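Heads up: the structure comes next, in structure tokens.
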Amino acid sequence: MTSALCSKPIAPHTLSDDLADLSYSNTMALACMADSVVTLTDEVQLDEFMAYYEQDTQHRKPLFVLSGGSNVLLPAKLNAIVLRPQMRGIQVTAQTDFHVDIEVMAGENWHDLVVHTVAQGWYGLENLALIPGLTGAAPIQNIGAYGVQLEDCLQYVRAYHLPSQTWHDLTAVDCEFGYRDSIFKRQPNTWLISRVGFRLHTDATKVLASYGDVQTVAQSYATQQGRTKPMPADVMHAIIEIRQQKLPDPKQLPNCGSFFQNPIVPQDQFATLQSSYPAIVGYPMPDAMTKVAAGWLIEQAGLKGGGIEPIFTHQQQALVLTNHAPYIATKQDVAAAQKYIIDTVYKKFAIQLSREPVWVNADGSIGYDEHVV
């Protein structure tokens with residue numbers, strides 16, 4: 001792999017025609033070759049690279065920001081310079097009897113961060129355990145699981161605005177978070193996140209364990225430790241256990257986690273569906289809306305374990321698409337399976353599923369049409 005460390009201004013030869021293999025840098029294990037990869041281990045390196053990039057008109061190509069590769073669908077050939085933020089570090093910036101503020105660099109593994117904070121007695125992220133990827137990518141999707149979203153604990157994001165070559169500190173409000181959405185997702189390849197600030201609490205009795213099977217499993221962990229009620233560590237271990245049972249390890253069976261978003265429909269539409277399918281799974285949402293479990297829809301459409309070779313839904317969790325031809329399958333294989341699943345679900349339930357992972361075009365731009373190549 002061609003990997004340029006920007007400890008000094010980038011020399012032209014590091015942006016040559018030597019291709020970089022990204023097949024092993026995306027958890028879906030899709031075959032992908034890129035023009036060049038630049039690995040950034042601190043913010044100064046980014047400033048230096050951008051100064052060179054601005055001057056080097058001969059080799060200039062589009063920029064594409066790639067974090068842990070856990071939520072992207074890459075093209076077979078990526079005609080772009082790939083920027084990989086790999087800054088590391090965690091530090092406490094403020095602390096009281098009730099909360100602790102921490103700043104986390106973009107290259108920190110997300111799950112490792114969750115485990116670390118719980119071990120330190122800093123709580124709020126435990127429901128987000130075992131979500132793949134790096135911390136810098138978490139705000140892009142406003143990651144969420146088991147009743148918690150990233151925005152619940154996020155204070156700020158420090159990010160580089162690539163078009164203007166300026167640094168910005170964005171508050172949670174500035175990030176314009178929504179369900180699996182943010183300003184970073186809506187403005188792709190515009191921002192490079194270098195660090196994220198969180199405010200976590202220190203009250204070990206404050207837990208959210210009422211979602212799905214979490215309460216039962218967390219209570220089991222608490223009982224084993226001689227406690228009457230679950231603590232945050234119990235919730236974290238419960239969620240890890242549940243996710244490991246339901247979700248395949250990308251290292252063993254390539255996938256990019258939940259492939260489809262849970263659709264949100266009007267309550268009256270959900271009530272109509274419920275009259276025909278009493279077991280349908282839904283969760284009340286604001287503004288008279290209901291969030292429907294996409295995995296349930298896919299399974300009831302007869303697609304659990306189904307798809308189009310070599311991309312299939314997982315046998316234990318229909319929400320996950322898996323790649324049975326790692327490093328060979330392409331984005332077009334995923335597109336075919338995705339269309340088949342979306343069309344089948346719509347035909348049965350009249351609900352349109354939406355893809356969660358980011359669709360990357362050949363020039364590094366982000367596409368929203370599954371037929372874009």
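Yeah, the Cβs are placed from backbone N, Cα and C, and that goes for glycine too.
If you look up Swiss-Prot, you'll see Arg180 (among others) marked as active site. In this structure, Arg180 (active site) belongs to neither helix nor strand by DSSP; it is coil. A C-beta separation below 8 Å, combined with a sequence spacing of at least six in one chain, links Arg180 (active site) to Gln141, Asn142, Ile143, Gly144, Gln261, Glu356.
A strand conformation is recorded for Ser258 (active site, proton donor) in the three-state DSSP classification. The active site, proton donor annotation in Swiss-Prot covers Ser258 and rests on sequence analysis.
For Glu356 (among others), the entry in Swiss-Prot reads active site. In the shown protein chains, 17 other C-beta atoms lie within 10 A of the C-beta of Glu356 (active site).
Per-residue confidence over the domain 'FAD-binding PCMH-type' (30-203) averages 96 (mean pLDDT, predicted model). Here Swiss-Prot flags 30-203 as domain 'FAD-binding PCMH-type', drawing on sequence analysis.
Glu356 (active site) falls within neither a helix nor a strand when secondary structure is assigned with DSSP, and so counts as coil.
Counting every protein chain shown, the Cβ of Ser258 (active site, proton donor) has 20 other Cβ atoms within 10 Å.
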